[in-house]
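Listed in TrEMBL for this protein:
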- 14-180: domain '3-hydroxyacyl-CoA dehydrogenase NAD binding' (DOMAIN)
- 184-280: domain '3-hydroxyacyl-CoA dehydrogenase C-terminal' (DOMAIN)
- His145: site 'Important for catalytic activity' (SITE)
Amino acid sequence: MSVSQSPAGSDGSVVIIGAGTQGRRLAFMWSRRGGAVCLVDLQKQQLEDGLKYVKQLRSAALDQEFNWGEVKVAQPDALETILQDAWLVVECVPENWALKQKVIAQLDHWAPAHTIIASNSSSYGISEIIDGLELKHRNRTLSAHCSIEIMGHRDTDPSAISLLIEQSRDHGFSPFHVKKDSIGYIYNRIWAAIKRETLLVLSEGVCTPREVDAIFKDVLKTPKGPCEQMDVVGLDVVLDIENHYADSRVGIPSEPRIYLQTMIESGRLGVKNGSGFYEYGNEFAETSHVMNTANL
Ligand SMILES: NC(=O)c1ccc[n+]([C@@H]2O[C@H](COP(=O)([O-])OP(=O)(O)OC[C@H]3O[C@@H](n4cnc5c(N)ncnc54)[C@H](O)[C@@H]3O)[C@@H](O)[C@H]2O)c1
């Protein structure tokens, strides 16, 4: 069955696998226009914390148009049953290729043929994740990142992409279609180039982090500059992402990674440990992290 012939359609639920930083955020986003969401995690505590987080975001939301849908939680032993009603399932488990492969294979095994299977991975594209997997319906697998870039692989059914674009719009997202298989999403690649060049000018001693941030905010009128933003994401995470680009593409300069490695070795991880390009107190660390986790 083609995904566009889904019997559940938009009346079905969105199932999210993994109730961590991103999963709970997506549960909030997919339920803000009345859609039903089921959040699945191995750990009960993560499910409880995920629900609390959704409530917290709802009570802080100012938009009167929100029409909150039900958010249920479940553990993986109920997954096969839960999936029967799903029009979309999004994996949000940790950034580990083997784990992602295992989860996607399991979802393909249990989910009805019409259910779209998406990965929210920041660094592994769907082609890399399904590489070597024997799937029943590989044409319904794709990447759907955060809020929201949609990227298929060469066999993804175009109707799955158009259905997801249409549905995500109806659910309050502003979707973009990544038209070719790409190592990194559109926004992430552009942001990666900004981070890389920032680290390069710093490593050359051209200017200080405070000067980079000041000039960036002055010209582009953004609330944060690149160094402030990298501190929020975490310098170890920034390095992992840059390493992944360097492993997959030619021509990525090594100086930015060496500069980051030196910072990390001197104990500077960013907001999460109170010291990065800047020094932070605990209060600032918490609020800033909640607000900015999507911008890896
Ligand atoms: N953290 C971010 O800001 C961010 C932003 C964009 C994209 N992402 C992507 O989202 C994905 C998840 O990242 P995260 O930061 O939310 O991770 P996380 O570690 O915060 O959460 C992962 C959750 O998955 C659960 N889990 C692990 N194995 C599971 C399984 N087999 N079944 C069900 N649950 C399982 C864990 O218990 C945990 O709660 C990654 O692929 C990452 O690249 C993260």
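The backbone N, Cα and C atoms fix where each Cβ goes, glycine too.
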- prompt: Over the domain '3-hydroxyacyl-CoA dehydrogenase NAD binding' (14-180), what is the model's mean pLDDT?
  reply: 94
Statement: The correct three-state DSSP answer for His145 (site 'Important for catalytic activity') is strand
- prompt: How many helix, strand and coil residues does the domain '3-hydroxyacyl-CoA dehydrogenase C-terminal' (184-280) contain under DSSP?
  reply: 66 helix, 3 strand, 28 coil
